[in-house]
C-alpha cells in the first residue's frame, strides 16, 4: 500500500454512541445527528460531516444497549479496551524489563547502562503504569447544554480514563542497543525543531548514543540519495532558535513494507514520527507491520498539525504560535481597512477541515467583524448573506475585516478532485473568491470600496515556536522517548485536560477534530465579532 493512501485506509475500532447534540470532539458520535442548513438549501438537513463521522465510529464491534442496567460498566470496559496502548510484550512476551536508566538524581552517566545511573537514594520521579488521566472533565446535566457530549439522553456521567505519560521505573530497551530515528512529515509547522531537540536530549539522558534523523519524511527511507543525519545534543543544541525542520519535510513516500524493510536493514528499533493525521496513519501501519514480523521496534508519534485538528487533545504544537502570528496579518488588514475610504480587509488563515486558527485568531485580535470557518454553513448572497452584512458594516462603521479559514466556502468553488501527495484534496482559494465577489457586489451597488487581501500562510508556518509551543514541544518530545523506552508502540502523546497522556494512534486519527458550532468558544467568537447567522 502506498503511503499516501494510508490516511484514508485506517479505521479505528470503536463503539456506536446513541446520543449527542453537537459536533464530536472526543470521538463520541451520535445516532441523533445535529441538523444544519446549507447555503444552497436553507431547510434543515443532516450534516454531511456528522454522517461521515457516524459511519466511521459505527464500524464497530460493540453497540450500547441502554436498556441494560449494566450498560455503564460495559461501556467503561469497552472504552478501556479501545484506549489500551500496545506494548512490545504483546508479541514478544519474553521481552526483558530492566531498571530504568533515566534518573534525574544521577551524578554522571556510566558506560554500563543496565545497572542504571548511580544515585544516593531511590528516585520517586517515575510514573506508575496504572496512573490514568481523565479524558473528559465536564459533567453535562442536559444534552441541550452548550457543547454537550452525551452518551445517553440523560447525559449520564461515565468515567473515561487514559494512560498517563512519563518515565517508567522499568524499561524494555538497553540504551547501548538502541538505534533511534526521527522523521518529520507533512508541511512545516512551528516547533518541529523544538520537538526534535528534546527527543535527542532525552534519548541521550537515557544513554542512547546512536541517534539519526531520516531526511524529508518517509521519503528518506527509500531515496538512495538521502542519507541518515547523525544527531546529538551538540548538533541540536540551538536548532530551536530557527523555524522549519532540521530534517526537512515531504509528503507521501514508499510502501509500508519498504519502510519496515529499511528499518530492519538500518537496525532501527525506535522510530519517532512527527506529523498530523496522515503521518500518524502511516506510523500506525508501520507499527502493525513490525508486530506482524515480531520485530522489537517502538513506533511513537508526536502530533504536529498547525490546524489543531487531532482528536482528544487540548492542542497540538504550532497552533499557539500560528494564532499569535496571525495577529500580525489581522492587524495589518485592520489598519489597511481603517485607513482607507470604505476599506475592507480579507485575511485567509490555515484550516482545511477545522476553523480553530481562524476562530481563536479572530477572538484574540478583537478586530475581526466576520469570521468564516468550514464547520459553519453560510450564504454569501441574499438578505441574510455575508455580503449584505458587509454592506451594513461599511454603511455604519466605514470599514470591515473578514477572517476566513482556508477550508471555508468550498461549496462555492468548482471542485477539481485533485489531491496532494498525502492524499489531501487540493482546496480552491476561497479567500480570492470572496475578495472578487465583494468587489462585484459593491460595484453593482454603486458603492466604492477598497479591498485588501492578505494570505500569511507560509509566513506563519515558517516562524520559530513561541514560548507556549516551545514548552509543549519540550514535554511532548520527552514523553515520546519515555513511552518508547517503556515498551509502548503504536501510540502518540498529547496534552489532555492540561495533563500529558499516551493514546493508541487509531483513536486519534478517526477523523479531524473540528470546531463545535454550539461550543462556548465559538459563541465567544460570535460575541466578539457581532456577526449574525448567515443562513
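Numbers run from 1 along the shown chain.
Backbone N, Cα and C atoms are what each Cβ position is placed from, and that goes for glycine too.
Copied from TrEMBL, the annotated features are:
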| type | residues | note |
| --- | --- | --- |
| ACT_SITE | 307 | active site, proton acceptor |
| BINDING | 187, 251, 252, 276, 277, 278, 279 | ATP binding site |
| BINDING | 277 | Mg(2+) binding site |
| BINDING | 305, 306, 307, 350, 351, 352, 406, 458, 459, 460, 461 | substrate binding site |
| DOMAIN | 180-482 | domain 'Phosphofructokinase' |
| SITE | 278 | site 'Important for substrate specificity' |
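Distribution of TrEMBL features across the structure.
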{"residue": "187", "record": "ATP binding site", "Cβ within 10 Å": "23"}
{"residue": "252", "record": "ATP binding site", "Cβ within 10 Å": "19"}
{"residue": "277", "record": "ATP binding site", "Cβ within 10 Å": "27"}
{"residue": "278", "record": "ATP binding site", "Cβ within 10 Å": "26"}
{"residue": "279", "record": "ATP binding site", "Cβ within 10 Å": "30"}
{"residue": "305", "record": "substrate binding site", "Cβ within 10 Å": "28"}
{"residue": "307", "record": "active site, proton acceptor", "Cβ within 10 Å": "28"}
{"residue": "351", "record": "substrate binding site", "Cβ within 10 Å": "28"}
{"residue": "406", "record": "substrate binding site", "Cβ within 10 Å": "25"}
{"residue": "461", "record": "substrate binding site", "Cβ within 10 Å": "19"}
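Put simply, residue 307 (active site, proton acceptor) is 11 Å from residue 277 (ATP binding site) when counted between their Cα atoms. Between the alpha carbons (Cα) of residue 307 (active site, proton acceptor) and residue 251 (ATP binding site) lies a span of roughly 17 Å.
Checked against residue 252 (ATP binding site), the binding-site residues 305, 406, 459 differ in C-alpha distance, with 305 being the nearest. Highest Cβ count within 10 Å among the binding-site residues 251, 276, 459: 276. Cα separation, residue 278 (ATP binding site) to residue 461 (substrate binding site), rounded: 18 Å.
Across the residues of the domain 'Phosphofructokinase' (180-482), the predicted structure has a mean pLDDT of 95. Closest in space to residue 461 (substrate binding site), of the binding-site residues given as 187, 251, 279, is 187, taking the CA atom of each residue.
Binding-site extent for substrate: residues 305, 306, 307, 350, 351, 352, 406, 458, 459, 460, 461, maximum pairwise Cα distance 17 Å (rounded to the nearest whole number). Summarising the ATP site geometry, the residues cited as binding it (187, 251, 252, 276, 277, 278, 279) extend over a maximum Cα to Cα distance of 13 Å. Ranking the binding-site residues 187, 251, 276, 279 by Cα distance from residue 459 (substrate binding site) puts 187 first.
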